[in-house]
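Quick notes on the structure that follows.
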Amino acid sequence: MTTPDPQDIADAAALLRAGRLVAFPTETVYGLGADAKNADAVLSIYETKGRPRFNPLIVHVPDLAAAEQLALFSPLARKLAETFWPGPLSLVLPLRPGHGLADITTAGLDSVALRVPDHPLALALLRATERPLAAPSANPSGRLSPTRAEQVRRGFAGAVPVLDGGPCKAGVESTILTVDGEKLVQLRAGALSRAEIERAMGLPVEQAAKGAAIAAPGMLLSHYAPNAGLRLDTEPRPGEAWLAFGPAAPFDGITRNLSESGDLHEAARNLFAMLHELDAAGVTTIAVSPIPETGLGEAINDRLNRAAAPRDFNPQ
Ligand code: TXA
Ligand code: MG
């Protein structure tokens, strides 16, 4: 049952390269995979899961060499990878310049969570696809994470192809760690215990303070915080920058339009990149047009609300 059929893997890899979703088994839970460099493909993860916000996603790679193309590894980070990969450990590391990942994959952060799954089918798929794969658990938002292919098929009513690798060994998601200088900080408890990491590394593993900027950014009120303040659901005033949506009147100031045609998918794809661009222009305030609260609009508004929320840390 868990023997990978080469033709199934080749078919799945072709779908992924074409920007489609494929669910695949890992040692933790089944993942809903998409090409992490293709913004549209990653957006379909959110649409398919019905996930109302854009959390940064874990990016799966076949080995350390592939991971090093995407992120910067300190000697300590490399030692963690060499010790625990393949395995249920995700490492949050600074993005390497030229990484090529879609902004939406990292939710606009300058770091990325990477892991090498310990599952022959997942590894065969990653090698055949030759793309890093973003993959959250393959369940509709708010439901239990799936540990069997049937649960994935049922959850998405057969709409997503599933590679069947039998039941997952671990059944809970990977442990997420980050490396802060010479310190190890756990951002999410998971299938690899803190004690095991401490034993192998000879270092204590701290738990990220609740609400710390670095911990599970999807959960924080103020998450992607631009330097500029945001005014939502409004029109721009002189001196402000404008993040428009839909047909926009002329404005004498720096402007980006999320989607002139009012397409929420296009708007979601542009969101983080345009916020970065407007922020880089050095304005103090960005006015944001109203975004309808339908479809992906829910996730866009969630992110905008977080970006506009009072800051409890210094934005960078
Ligand atoms: O076991 C697993 O890790 C499963 C299987 C499918 O591999 N995948 C999984 O992925 O749970 P995902 O994408 O749902 O995990 C997302 C979480 C975020 O909510 C956040 O807590 C953390 O990973 N994360 C991702 N990128 C991050 C970053 N740059 N900084 C801090 N945390 C990050
Ligand atoms: Mg999940």
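Our numbering is plain: 1 for the first residue shown, then up by one each step along the chain.
Heads up, the Cβ atoms here are built off N, Cα and C, so glycines get one too.
No curator has checked TrEMBL annotations; they are predicted automatically.
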Annotated companion of Thr28, His60, Arg115, Ser174 at the L-threonine site, TrEMBL, chosen from Ala10, Ala77, Ala135, Ala157: Ala135
Binding-site residues whose CB lies under 6 angstroms from ligand 1, from Arg51, Ala135, Ser145: Ala135
Close-lying binding-site residues around ligand 2 among Thr28, Asn55, Arg115, Ala135, Ser145, where CB distance stays under 6 Å: Ser145
Number of other Cβ atoms within 10 Å of the Cβ of Thr28 (L-threonine binding site) across all protein chains: 29
Site with most surrounding Cβ atoms, counting all protein chains shown within 10 Å, from the binding-site residues Ser145, Ser174: Ser174
Overall pLDDT for the domain 'YrdC-like' (6-192), taken as the rounded mean: 95
Residue, out of the binding-site residues Asn55, Ser137, whose Cβ gathers the largest set of other Cβ atoms within 10 Å: Ser137
